[in-house]
Amino acid sequence: MKKLLNALPVLMMVAILAACGSNNGAASTPAPTNNTAAEGSEAEVKAPVKTELKMALTVDPDGLDPHRTTAASTFQITNNIYDTLVKVSLDGEFVPGLAEEWKVSEDGLTIAFKLREGVKFHNGREMTAEDVKFSFERLKGEESPRAGDFANIVSITAVDHYNIEFVTKALDVALVSQFAYPWTAIVPEEAAEQLRNNPVGTGPFKLEQWVPQQQIVLTRNNDYFTPAKLEKVSFIMMPDATSQITALQSGELDIISVSGDAVPQFENNSDYSIIETQANAVQVMAMNLDNEALSDARVRQAINYAVDKQALIDTVWWGYGQEIGSHYPPMLKEYLDTNEAIIYDPEKAKQLLEEAGYAQGLTLEMYLPSSYPNYVAAGQVIADQLKKVGLTINIHTVEWGFWLSDVYTGRKYDLTVTGHTGRLDPYALLARYHSESKENYMNYKNERVDEILTQVQQERDEQQRLELYQELQQILAEDVPALYIQSPIGLTVTAANVAGYQSYPIDIYEMKDVYFTN
Amino acid sequence: MVKYTINRLLSGVVVLFVISWITFFVLTVIPGDAALLSLGTDATPERLEALRESMGLNQPWYERYFSWLTHFLAGDWGNSLFFGEEVLTLIMQRLMITVSLAVFSLLLAIPVAAIIGILSAIYQDKWIDRLARTVMQLGDAIPQFWLALIFLVFFSGKLGWFPVPGFIPVEEGWWRSIQSLLLPSIVVAIGLVGYLIRIIRSSMLSALEQDFMLMTRVNGLSSAQAVFKYALRSAVIAPVTTILMQLAGLLAGTVLVESIFALPGVGRLLLVAVEQRDVILLQGTVMFITGVVVCVNFLADILYRVINPMIQFGGERNA
């Protein structure tokens, strides 16, 4: 007994010491942060306006190299570290970024940019046309997952230090939008190898520290042409929603994203502001037209008639979502309200099923991605509503990796609930409905849709394009290769003294304009 | 003893090797890989192909395994596909947090469990025993994530007794750092107490029932003397092994608590490795945890013998 009592604490001490020792040895990445110390001294000096902001994230980004990933989690952050030639305004207009102005040639095949002069990378070197050329070549390179998107650019010429020209092979009527996405960031060649963990850009903030699963700290780039108001932005990794709310309430965080059920905790409370933003995204229940029954438009329509969308949105998203009738988010200017095309009517659903020869019922397999609890919940509500018109739905909740490989790319499913994020160019959102698109996981085929999608790419008249896009929305609303559920409303809660935080039509966190009022 | 030790060490190496192979193989068989997970719904066949090529996922699995194994044996744990950082660095950054969490929760759980467990064995079927059984059942029945959430909202949020979720590094002060681990440790400890009570109680009961206990009374020892001098010594073996195994198990087993309290520990690292199909990170983390379990097992065996020399090792008498 005595030996034992002696041995246990020793063992534990050894374990602790070993751990501490190795931790110190491994602390090669970060310089220690002293947030608490800084806050303390500030309070003493009575400098009341905070300049350090903390925002919660649920997951780490997939690296900070914008040319080597497609993950939204990366671009939400890298947008603050790097710049693009063109930026997008709150209402979706294209405004100067690193390029002061640009000009598209008569034939629409060439675009020329004049760069802002005197812009410096975080390493102190000036950014020139050569860096732009290098960045786009890197983006078109073999290791770039977006290379295909930029294959249409066939030549890049740096005319001089501050002028650069891009030549495209086929006409792209929305060419300028291609230079506004956060993955078209301009990077310096000398730092390119290390960008994943050591990003170097020209942006308003530079990376100070990234401790995976703990935090990402950005500090202000004082050389930026319109310097940010905050000195420091920390993204704190907090996977659990309740923890985030507790941390916001105790003042440890300044900004968090919440789901609808958390709103009542902050509503009518002057300590917080709730920001509602219409997302550039749609959430749908896709149907696989390879299934014989689902290839019949009447069955698909019946499924649409059978689901009470408003009830679904109220149950799953606590009412924070806008009902849609087609694959298009209401926030974009080409949007056409197609909600009238099919209005909830279970009787009509039964009748259509009978006409299609499924009066005796039909069994369908529904796959739901477990990492998206909202999609799982939505699928369950839908399945329940479909049961009432005589359909049997077998629900399979699957892991995200399985969903991606077997359901999404493998197209082995009947029904699945998922979301699609919009781009700046409407074509990118709708292109998956082309019968030959590799992203057409619904196996949808409609000749007129193919025609429209081919035609709209060559149409230089904006009014004509608008009409084509609206016709396409109408076709989808009637032919329903999916049950179009809603365009989600994003909910952000900030401490009341946070101002200037706004949401953009692309998925980014723009921290440059954020500041504290006291 | 020497022969036994060598045998145990050798079998440990074999276990490590087999586990490494199984992990690698399982991750190759299950759907989805790191490239697909990275691309998500942006995946097209061309993009997948390009990314797989650049991640080296296009080689057959046995080639990749062999390449990983040779590097690993040479001491190179590789770089995580997802974080880009060295695997060993990532593990070491998290080890202190997880080990502290495990040790703190055991330090909290052991005294409580020992007192209740011993008393409930001595006073079998009395009120203390009934209390112990209730505690055991509560400990087993309360889901850990639920307890963690309630504690977080109540003690950390409402009362402000504990700091908000998130780990405070040691650089910012030892005490603050320990404080940030206290509430999660209590949650883990509550989960452990019930189990430990059961082990201690039953181990104590069987010790009290042994023949030599009767002998101590015959020889004139008081009840208390008998318990402290003989019963405890014989009863302590099973709990010690259990506690050591719990310690090893906690290295990977606190993932829920780590997630809720936003602690960057080994459990969460393992979770990300699986979610992102980060083969290199997963291999490293699994190897590390298996290594610890093997070592602890080994240690438990040795301790067994130190505490109770009556236990004989197979084959030793002939040696």
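Glycine is treated like the rest: Cβ placed from N, Cα and C.
Residues 61, 64-65, 68-69, 72, 277, 279, 282-283, 286-287, 290-291, 294-295, 297-298 of the same chain, all 6+ positions outside the transmembrane segment (B:9-30), place their C-beta atoms under 8 angstroms from a C-beta of that stretch. Residues or ranges marked as transmembrane segment by TrEMBL: B:9-30 (among others).
What TrEMBL lists as transmembrane segment is B:95-123 (among others).
The domain 'ABC transmembrane type-1' annotation in TrEMBL covers B:95-304.
Here TrEMBL flags B:144-161 (among others) as transmembrane segment.
Taken from TrEMBL, the feature transmembrane segment covers B:181-200 (among others).
Remote same-chain residues near the transmembrane segment (B:243-267) are listed as 91, 93-95, 97-99, 101-103, 105-106, 110, 144-145, 148-149, 152, 165-167, 181, 183-184, 187-188, 192, 195-196, 285, 288-289, 292-293, 296-297, 299-300, 303 (criterion: CB distance under 8 Å, separation of at least six residues from the stretch ends). Taken from TrEMBL, the feature transmembrane segment covers B:243-267 (among others).
Positions annotated as transmembrane segment by TrEMBL: B:279-300 (among others).
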Contact yes or no, the transmembrane segment (B:95-123) and the transmembrane segment (B:279-300), 3+ Cβ pairs under 8 Å, gap 6+:
no
At a C-beta cut-off of under 8 Å, are there same-chain residues at least 6 beyond the transmembrane segment (B:144-161) that contact it? List them, or none.
183-184, 186-188, 190-191, 256-257, 260-261
Same-chain Cβ contacts of the transmembrane segment (B:181-200) under 8 Å, 6 or more residues past its ends?
97, 100-102, 104-106, 108-110, 112-114, 116-118, 120-121, 132, 135-140, 142, 144, 147-148, 151-152, 155-156, 162, 167, 235, 238-239, 242-243, 246, 250, 254, 257-258, 260-261, 263
